[in-house]
Amino acid sequence: MRKVSRWFQRNLIRIYAVVAFTYLFIPVAYTFAFSFNDSRKSNLVWQGFTLENWQNPCGAPEICTALGNSIKIGFLATLFSTILGTMIAFAIGRYHFKGRSTTNLLIFLPMATPEIVLGASLLSLFLVFQINPGFWPTVIAHVLFCVSFVVVTVKARIASLDPRLEQAAMDLYANERETFRRVTLPLVAPGIAAAALLAFSLSFDDFIITNFNSGTMTTFPKFVYTSAARGIPAQANVIGSAMFFLALAIVIIGQFVGRKRKVS
Amino acid sequence: MSDVASSARGDLILSHLTKSYGDFTAVNDLSLTIPKGSFFALLGPSGCGKTTTLRMIAGLEEPTQGTISLGVTEITHTKPYQRPINTVFQNYALFPHLTIFENIAFGLRRRGIKDVDEAVNKALNLVELPHLAQRKPTQLSGGQQQRIALARAIVNRPALLLLDEPLGALDLKLRRQMQIELKWIQKEVGITFVHVTHDQEEAMTMADTIAVMNEGQIEQMGSPADLYDNPETAFVANFLGQSNLIKGTVSGNDGDNKIVDLFGQKISLRKDRSHAVDSSIYAGIRPEKFRISRLETATSGNILTGGKVEDVSYIGVSTQYQVMMPWGQELMVFEQNDDGVAPFSVGESVNISWEPSFTFGLRGDEDAEAGTEVNPDEDLDEE
């Protein structure tokens with residue numbers, strides 16, 4: 001009895017980890033497994049193994065159009081929000097100006113506002129200006145909430161940057177522009193890259209705000225939502241799993257490169 | 001030296017330099033000429049304005065008032081990258097994303113020099129680290145980073161090299177070694193070095209000329225020997241080494257000497273070593289200049305009688321005594337352990353004597369404790 005309890009004590013952390021990861025990964029595993037389901041109509045019951053869904057991920061009607069839209073929106077939202085957010089982060093992190101603390105506070109607002117409120121009010125704003133919901137309003141909406149996350153991420157990186165490095169560059173005959181290009185930007189770049197990845201994933205899986213502002217245009221989350229009523233096709237599982245493994249690959253490569261850089 | 005001659009030679013001339021932050025004045029009306037080719041130290045405690053002065057010379061701070069000139073060129077308001085001045089930063093500030101080679105080549109490349117290999121390798125050889133060219137800064141030890149920071153600055157052959165507490169982050173042994181090395185490198189390259197430090201020993205080891213700074217102003221400037229042997233203020237007397245300052249009054253003259261009355265006992269002081277403005281004076285004597293003797297022993301020079309040994313510390317090369325004088329002041333006496341005299345013991349009655357020419361005189365209205373409260377090893381990061 002005592003032996004058992006001691007074993008338990010010693011392995012508590014491991015047991016906890018296994019339980020936690022099982023909890024986290026069951027849905028992913030389920031999604032992945034059912035991407036191989038030979039499903040025909042409904043993908044709720046296992047009906048046999050097939051590779052057909054993976055060979056033809058666009059098999060379900062509209063699914064690849066929706067995916068294409070999501071990727072396009074995600075790319076544009078990432079581009080704009082990263083540029084804009086990085087500039088705001090530099091302004092707040094580096095300069096003292098009137099309204100700095102107010103800006104700092106306002107940046108957090110989109111993060112704190114419920115998405116349903118943000119989505120609805122954006123829609124009414126677009127309608128006031130007689131802009132019909134669709135692709136560009138969705139991009140604008142996504143830039144809006146991505147920017148906050150970009151600012152927060154990049155600002156943290158800037159704060160950890162030793163100002164003496166820039167002073168040293170200036171001391172070594174680099175003017176303001178060269179200092180930024182040769183020292184500041186390369187050192188802040190990992191933060192900007194992290195912010196861009198975050199922005200893309202936020203944009204890609206956003207449903208609520210998109211649903212308000214996209215009109216008849218379908219995005220991937222919208223596609224999944226609407227098809228839930230009549231049964232989500234297995235191709236959605238394929239795309240979901242593929243996205244998961246892509247993200248995983250990026251993380252692993254990132255870790256690998258980071259470690260290699262430290263060792264060499 | 002005349003200003004015209006200084007300008008022609010390419011000296012660094014600071015003229016009435018002031019830097020204020022709101023109500024706080026970090027540097028107060030400072031004027032200074034640093035001769036070309038010298039190893040100059042700005043020495044002072046934390047917050048004395050030495051780093052601010054350095055940063056104004058580098059162009060990283062703009063003076064509130066005053067001018068900075070390098071030779072005939074005024075550079076007060078030029079950008080750091082427009083000045084032929086390079087800095088070795090405290091904690092080195094090496095670019096972490098660049099290799100050691102690219103760190104050193106940085107300044108050369110920014111000035112549009114294409115072929116940097118030879119100059120960079122020469123600089124790496126000068127600091128004896130040619131094998132580290134392809135490493136990143138984080139893979140180097142503190143001492144190595146320090147040398148690379150030096151190489152990165154020297155490779156540009158600046159008119160002036162600024163060193164901001166460059167050895168502060170190194171351990172004692174390495175610091176000693178680097179002090180000697182820095183001095184050697186300065187001789188080798190012939191560039192003017194301006195070295196900011198709070199460590200008086202470091203300043204005295206390396207510099208030809210030291211300016212002691214206190215509260216935004218220069219207290220005294222001179223060679224290490226000048227400052228040590230003939231300090232002009234209580235701050236300098238206490239900040240550079242230790243001093244015994246005894247309150248007294250000037251009671252008369254004797255040729256080139258002044259006669260000073262110290263609590264009823266008369267001593268003499270060379271007139272050119274007295275910085276007192278009136279009859280109120282502090283007589284200053286360094287502890288190692290004192291000779292301690294038993295009452296029956298004949299002594300010459302200046303003598304103070306009636307001392308009593310309060311404390312004895314044997315520290316190898318010397319023995320340090322605390323001697324209580326009749327007027328209630330404890331004097332420090334450092335005796336070399338080389339004269340075969342049996343050590344004195346606590347409670348013994350003794351006389352204290354010294355060569356009159358070692359005495360220095362300070363203004364009697366000074367604070368005798370000035371400069372003693374500062375612990376030079378604390379609070380290294382003065383910003």
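Quick reminder: no glycine exception, Cβ is built from N, Cα and C everywhere.
For A:12-36, A:73-93, A:105-129, A:135-154, A:183-204, A:238-258, the entry in TrEMBL reads transmembrane segment. Marked as domain 'ABC transmembrane type-1' by TrEMBL: A:67-254.
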Would the transmembrane segment (A:238-258) count as touching the transmembrane segment (A:73-93), if touching means at least three Cβ pairs under 8 Å and pairs must be 6 or more apart in sequence?
no
At an 8 Å Cβ cut-off, counting only pairs 6 or more apart in sequence, do the transmembrane segment (A:135-154) and the transmembrane segment (A:73-93) clear the bar of 3 or more pairs?
yes
Sequence-remote contacts (6 or more beyond its ends) of the transmembrane segment (A:12-36), Cβ cut-off under 8 Å?
43, 46, 49-51, 53-54, 234, 237-238, 240-241, 244
